[in-house]
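Notes follow the structure.
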Amino acid sequence: MSDSEKLNLDSIIGRLLEVQGSRPGKNVQLTENEIRGLCLKSREIFLSQPILLELEAPLKICGDIHGQYYDLLRLFEYGGFPPESNYLFLGDYVDRGKQSLETICLLLAYKIKYPENFFLLRGNHECASINRIYGFYDECKRRYNIKLWKTFTDXFNXLPIAAIVDEKIFCCHGGLSPDLQSMEQIRRIMRPTDVPDQGLLCDLLWSDPDKDVQGWGENDRGVSFTFGAEVVAKFLHKHDLDLICRAHQVVEDGYEFFAKRQLVTLFSAPNYCGEFDNAGAMMSVDETLMCSFQILKPADKNKGKYGQFSGLNPGGRPITPPRNSAKAKK
């Protein structure tokens, strides 16, 4: 039996999208074999494509989703369901939210169906030691079994780490690394791989910008570093880039600039965990590399679910809890 016979993608995507318009929280229970098939086939595609993706605009870039499946559906309603728009997601698909399984399954299904138009980077939560603690393991165990969680781990270990859009926009989940001198260093990272506790791969998934730091600083998460505006400016100049686009931190308006608009943080899970009153955002990059932001307001708030937003509100920036915090978030 061929892969396409084993994996009825259109049926899988159809069932995942059937709950659009239902009360948020309604589950979609794919079969275990279907999910295993999604993991195996997507892993094959990830490994066949570069670890440092070279992408072309136009595309839409999204930050953390964290199992907020109904908000992911709203993002697609707003931005256009694939293949209407090209997408790059910056990682953190699982953990914290209630529906990590639906979230990751839809994303993997779209990756398989549109491999040249739909791209997923690895976040720090696409790592067994993290999603063992923050919810994904428990969701897999409750709804399926631990073996399936291990199958997801195999797929996550093959995800690409960074992307460059039209040679000008550098994208990753976390941020820069003091070890990063050449893009070739990223290309040399061998997959499949776990996320180490330190070094280049760790930093790309874990580091954070900090306006109060000059150069490199300690990170409150207990892992990786923080970096200042000058680090950003030097990196962009050295590599002839215009912008760093990253995720990894809750920001009040769904997007937030840093270092004179040389770096932008995107966060795409509105009303994160039901605890923050943040908006979610995605960044549209057009053919001329002009960036605009589409905003998802917290669903239960304002009458308008969507809004175009161009102003800035620096706001406070709550950070996701540190890696070495052993408390799972229920």
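The backbone N, Cα and C atoms fix where each Cβ goes, and this holds for glycine too.
Summarising the annotation, Swiss-Prot assigns N-acetylserine to Ser2 and lists similarity to another entry as the type of evidence.
Swiss-Prot lists Ser2 (among others) with the feature phosphoserine.
Annotated phosphoserine per Swiss-Prot: Ser22 (among others), in sequence order. Taking a C-beta cut-off of under 8 Å and a sequence gap of six or more, Ser22 (phosphoserine) has no contacts in its own chain.
The feature Mn(2+) 2 binding site is assigned by Swiss-Prot to Asp64, Asp92, Asn124, His173, His248. Residue environment of Asn124 (Mn(2+) 2 binding site) contains 27 other Cβ atoms, counted within 10 Å of its Cβ in all protein chains.
Cβ-based neighbour count (10 Å, all protein chains) for Asp92 (Mn(2+) 2 binding site) stands at 30. Annotation comment: Swiss-Prot describes Asp64, His66, Asp92 as Mn(2+) 1 binding site, evidence class similarity to another entry.
For the recorded site, His125 (active site, proton donor), the DSSP three-state label reads coil. According to Swiss-Prot, the feature active site, proton donor maps to His125.
Swiss-Prot lists Lys305 with the feature N6-acetyllysine.
Sequence annotations record features per position, and here Swiss-Prot assigns phosphotyrosine to Tyr306.
Marked as region 'Disordered' by Swiss-Prot: 306-330.
Sequence annotations record features per position, and here Swiss-Prot assigns phosphothreonine to Thr320 based on similarity to another entry.
Per Swiss-Prot, phosphoserine is recorded for Ser325 (among others), and the stated evidence type is similarity to another entry.
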Rounded Cα separation (Å) that holds between Asp92 (Mn(2+) 2 binding site) and His125 (active site, proton donor): 5
Rounded to the nearest Å - Cα separation of Asn124 (Mn(2+) 2 binding site) and His66 (Mn(2+) 1 binding site): 11
Separation of alpha carbons, His125 (active site, proton donor) and His248 (Mn(2+) 2 binding site) (Å): 10
